[in-house]
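Student: Pasting a structure here, questions to come.
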Amino acid sequence: MSWEELQLLYWLDLFGVAVFAISGVLAAGKKSLDLLGVVIIAVVTAVGGGTTRDLLLNRHPVFWISDPSYLSVIIIATLATIWYTRHMEPPQKALLFADALGLAVFTITGAQITQGIVSSDVIIVIMAAITGTVGGLIRDVLTNKIPMILQRDIYATAALAGATVYLLLFQLTRLPSSVSIITGMFVVIGLRLAAIQWELHLPRFKLEE
Amino acid sequence: MSWEELQLLYWLDLFGVAVFAISGVLAAGKKSLDLLGVVIIAVVTAVGGGTTRDLLLNRHPVFWISDPSYLSVIIIATLATIWYTRHMEPPQKALLFADALGLAVFTITGAQITQGIVSSDVIIVIMAAITGTVGGLIRDVLTNKIPMILQRDIYATAALAGATVYLLLFQLTRLPSSVSIITGMFVVIGLRLAAIQWELHLPRFKLEE
Amino acid sequence: MSWEELQLLYWLDLFGVAVFAISGVLAAGKKSLDLLGVVIIAVVTAVGGGTTRDLLLNRHPVFWISDPSYLSVIIIATLATIWYTRHMEPPQKALLFADALGLAVFTITGAQITQGIVSSDVIIVIMAAITGTVGGLIRDVLTNKIPMILQRDIYATAALAGATVYLLLFQLTRLPSSVSIITGMFVVIGLRLAAIQWELHLPRFKLEE
């Protein structure tokens, strides 16, 4: 990968952290936590996925320990969101789009990091999805809800599909890696936005009691 | 340990993973998750205990990362269970027995793995119980229940007792290791089935409010 | 640090573990768990923070695996608490003070351990707060509550403030390290007790639905 691509991914990753922090603040805002509780939820939402990936892959130092810029971005995004929501309605539609972009970024950067450590394609795709979704899962557990990704909306599905497309293009074609990256991200974003727009769901599974 | 014994333990371990995946599917079926949510719960139930053990012991790569057969078995068991329960009632009694066998297998393999890394007997017994029970605990947290192992039915107790018996026989006798293994597993299974049959419980602990 | 100071910190750390085990028992007592469930909650409350710190910092063996004295102290404190509460009312005020002391000890020892591994001040303060608070957070998740530290009472705030004061004194002054340690602990205890006495809270953050 070229230096410009690495730079772009780093900036996108910081953007993803900011977006997920914002979604953490908005989730926390429905539970009447105190201000530090809101910050904690925002941090956990933003770094939970990448931290779980790093621990499972024995990748140390964990990303936010080796580069505290992530924490700075999270704190700034959190405070800005708290300030903003005191004065204005949160722009729900823009946020859904930003969240889809955050999911796409985390999924593809998760796949790339795992590619450097593990050779199994299945594990790469799983770690990509873990990077994208576990932060939101921990956020939901801490605010005492059944995690959203288990229930709805083609969320983990979009991450798995995008990571798979990225990996297939990367391995089977001679396209530049930036094309694989962008296509994988488009798959994630496209599936998420389509699911939101047309209320697509996977079938539910419910046993009779 | 002989090569045949190692082979037997590996097959039993794959069996344990399948059984715990099935119990994850049945637990998820009461919560109306989507299909991928069910798969996620099944995977977490099946690998949560061994993963926690591997992270605490710094044993990398984590077992399902180094051998993706585990994930294949889980996916097959999950899909078969979803298919089966659409057509027939789940055979509850058979499942309770299978779950007891899964607990026994995970507990004893957890003890054996830990023996190779740590010398403290207390830690070996605790890691054995963690291997056997933490998957179910995470399953319950994700489906928003107080974990079953904290409440009922001589479950973690059976794991602790079986691991202790295994370790005592292994260290204090000259019996072949297969005898220690089988006896430890029988203790886990016997305690679980006795607890189910006669509704045995540990005493509850309840404070006045 | 002198050998006497290290000894003192070790004893304080064992004391912190005991106090947090007691708080785990009392929390479990409101949920009607079985006896082993109570022990599990007590252990998790007492070691959860330090274990999370050790995993994030890749510090192995994890503290209670390398020194099983911690587990012995937890078991003794748990059984004593169960016995005591069957005969007498738990002394709530004394416990709040002991819990504040436990938080102070864990926070400062967490900061010291992290100082030896990581150079970023922000990470040191965060790891200190994780050491002090994550055990209680896991306790609350397992007993199916929104974690207390997210909601109330200047708890994580006290840990962050105490760790910051400790670190500033340690780095910017020529005071003996014992003075930095004791001052940091006093800040934690003082903030906690002031918050309890005068019912201080951080402002809440609540979005309109």
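Numbers run from 1 along the shown chain.
From the backbone N, Cα and C atoms, a Cβ is placed for every residue, glycine too.
Predicted, not measured: the structure shown is a model, and the values here were computed from it.
Annotations for this protein, taken from TrEMBL, read as follows:
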type: TRANSMEM; residues: A:6-26; note: transmembrane segment
type: DOMAIN; residues: A:10-83; note: domain 'Glycine transporter'
type: TRANSMEM; residues: A:33-50; note: transmembrane segment
type: TRANSMEM; residues: A:62-84; note: transmembrane segment
type: DOMAIN; residues: A:97-169; note: domain 'Glycine transporter'
type: TRANSMEM; residues: A:123-142; note: transmembrane segment
type: TRANSMEM; residues: A:154-172; note: transmembrane segment
type: TRANSMEM; residues: A:178-196; note: transmembrane segment
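Let's see these features in context: how buried, what's close, how far.
Tutor: DSSP assignment over the domain 'Glycine transporter' (A:10-83) gives 60 helix, 2 strand, 12 coil.
With a threshold of 8 Å between CB atoms, the same-chain residues lying at least 6 positions outside the transmembrane segment (A:62-84) that come near it are 14, 17-19, 21-22, 24-26, 35, 38-39, 42-43, 46-47, 50-51, 54-55, 90.
Within the same chain, residues 100, 103-104, 107-108, 110-111, 115, 121, 124-125, 128-129, 132-133, 136, 148, 179-181, 183-188, 191-192, 194-195, 200-202 sit at least 6 positions outside the transmembrane segment (A:154-172) and bring their C-beta atoms closer than 8 Å to a C-beta of that stretch.
Below 8 angstroms of C-beta separation, residues 1-2, 5, 9, 96-97, 99-101, 103-105, 107-108, 111-112, 132, 153-155, 157-159, 161-163, 165-167, 169-170 of the same chain, each at least six residues beyond the ends of the transmembrane segment (A:178-196), sit close to that stretch.
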Student: Taking DSSP states H, G and I as helix and E and B as strand, how many residues of the domain 'Glycine transporter' (A:97-169) are helix, strand and coil?
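Tutor: The counts are 58 helix, 0 strand, 15 coil.
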Student: Near the transmembrane segment (A:6-26), which same-chain residues lie under 8 Å Cβ to Cβ, leaving out any that are not at least 6 residues past its ends?
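Tutor: Same-chain residues near the transmembrane segment (A:6-26) but 6 or more away: 38, 41-47, 69-70, 73-74, 76-78, 81-82, 85, 90, 95, 98-99, 101-103, 105-106, 108-109, 112, 135-136, 139, 181.
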Student: Give me the mean pLDDT over the domain 'Glycine transporter' (A:10-83), rounded to a whole number.
Tutor: 91
